[in-house]
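Have a look at the structure below, then the notes.
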Amino acid sequence: MLNTKTVNSYKTAASKARKAAAESQRKAREERDKEDRFWREAEGTKSRAAKKREEEAERRAEAAAKKAEARRLADQEARELARSLQRNKKVTEAELRRRREEEQAAVLRRAEEEKRRQGRRVTAEEEYERIVLVRNTNRDGSVIDARSVEEALYHMMGSPQNLTPERHPERSIKASFKAFEKNELPVLKEEKPGLTLTQYKDMIWKVWKKCGDSPLNKTPWNCRGDLPYMEDDKQSMQLRKLF
């Protein structure tokens, strides 16, 4: 059995051994930390220098790319200009002559259209002045007392024998007038604003009577050739109102 002195000696030795081991571990750890700090600092300095070099390289590359793009755009513009000049050279004398002929034809068409428009305007102005200046008069014996288109046609033509048999002669007259009215009413409203719809229709009716396409100017309607009301007659206007 060990005595107390021997036990104390073992404890002292064990304590010293533990302290020595702990000190050794501490020194080793400090050495590793010191070495790690060294390498981290070295790598950090190297990374900053490399980053600066990379940024400089990027700036140079960007400047070079901009110069290349500007040069490409300039070359493209020059090529497009050259192609445009080449196309202009390909316009032959025949093409120029064709264009001149087309322009002349367009001018003639516009002149003809303006001529027809002026003709309609003159007729409309005459009718407009007559409607505005002439006072309304009371009905007299020259006005047809008719309640249908058939009765009006009967009185205007004098007798049924003067008419070629047709079951509904009023339809062709009405259809012709309505088609003419549809085309002329917008034009007349633009040229002579401010009138009533009845005045516009009266003016269109009188112009239509003189039109070559009017059934009233074709056989059998005018087979006698002696219809004074075709110019300015109250009977004709009475027929118009039945439409």
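Yeah, the Cβs are placed from backbone N, Cα and C, and that goes for glycine too.
Bear in mind that TrEMBL entries carry predicted annotations, made automatically and left uncurated.
The compositional bias 'Polar residues' feature in TrEMBL is assigned to 1-12.
Per TrEMBL, the feature region 'Disordered' maps to 1-121.
Taken from TrEMBL, the feature compositional bias 'Basic and acidic residues' covers 20-82 (among others). Counting residues of the compositional bias 'Basic and acidic residues' (20-82) by DSSP class, helix then strand then coil, yields 63 helix, 0 strand, 0 coil.
Under the heading compositional bias 'Basic and acidic residues', TrEMBL lists 90-116 (among others).
What TrEMBL records for 138-218 is domain 'Coiled-coil'. For the domain 'Coiled-coil' (138-218), the model gives a mean pLDDT of 69.
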